[in-house]
Amino acid sequence: MVKKTAGLLVMAYGTPYREDDIERYYTHIRHGRKPPQEQIEDLKARYRAIGGLSPLAKITEEQAKRLEERLNEVQDEVEFRMYLGLKHIEPFIEDAVERMHDDGIKEAVGIVLAPHYSTFSIRSYNERAKAAAKKLGGPTIYTIDQWYDEPKFLQYWAEQVRAIFAAMPERERERAVLIVSAHSLPEKIIQAGDPYPTQLEDTAKRIADQAGVAHYAVGWQSAGQTPEPWLGPDVQDLTRQLYEERGYTSFVYAPVGFVADHLEVLYDNDIECKQVTEEIGARYYRPEMPNTNPLFIDALASVVLKRWAEEGDRHE
């Protein structure tokens, strides 16, 4: 019996591959409006501060490959073939869908490398993928709205956080706080009933409970430079507030809305948040990002296989 082939559409934000890409990348994010030159120079300086460019492109590709390998290791009913589609730089989501179509893929599971649902993120990825498939006449794409509650994903973060707190002397632990964060979005999503903020709060509670952490708070980071209000509190403001009002002197940052080392973590956390902790004389900690950790890849594989199984009747 010939094993069935299914597409694995891995979608992610994308990042500039070289400094020359920065302008066009951010122009795409801004819906075709070129960023002011001052902003471009600021972005270039941020990338240089983390070593030149973000490691995200390489990590995303490696995550997608490892996920494909893992899916084909843990079951033998179907052969998953991976296609990478990015939101703001090539290969675009539409390019990946076109390649699937050209390869004769009839069915695919689409997963976005972001755990929480929002209209700005997950929905926009999934809609672009489905629109591209509809235009081409296939494949059928089974999309995934969120996977923040996948047990192995929560386990990954709980283990990382627990290890940091366990290594602290008891007196330090008593005055330590966990800050769980994700990328801020415009506040208007709340009026639209978007579940994004609630999902982050749920994630934070589950991780703190599993890690046995008594003190935790939810913050937002990396807000866009636009006049409209964004979700808060910002993690830097939250750090100062927790220090001034609660007297915490050790801060553990878990940017769980992200899945890899990239600018928002390596700069916004490791440089900007760290500067705040240094200003107030506090300690800074940040667990390792999931990247290609086997437990995290297993979490993604579980999510994909559950979604594939939900469509089981169609596979007969």
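One is the number of the first residue shown, and numbering goes on along the chain from there.
Placed from the backbone N, Cα and C atoms, the Cβ positions cover glycine too.
Of the residues Tyr13, Tyr148, Swiss-Prot puts just one in the Fe-coproporphyrin III site with Arg30, Arg46, Tyr47, Ser54, Tyr125: Tyr13.
For the pair formed by His183 (Fe(2+) binding site) and Arg30 (Fe-coproporphyrin III binding site), distance between Cα atoms is given as 16 Å, rounded to the nearest Å. Here Tyr47 (Fe-coproporphyrin III binding site) comes close to Pro16, Glu19, Ile22, Leu53, Ser54, Leu263: these same-chain residues lie at least six apart in sequence, with C-beta atoms under 8 angstroms from its C-beta.
Closest by Cα distance to Glu264 (Fe(2+) binding site), from the binding-site residues Tyr13, Arg30, Arg46, Tyr125, is Arg46. Of all the binding-site residues listed here (Tyr13, Tyr125), it is Tyr13 whose C-beta has the fewest other C-beta atoms within 10 angstroms. Put simply, the two farthest-apart Cα atoms among Tyr13, Arg30, Arg46, Tyr47, Ser54, Tyr125, the recorded binders of Fe-coproporphyrin III, are 26 Å from each other.
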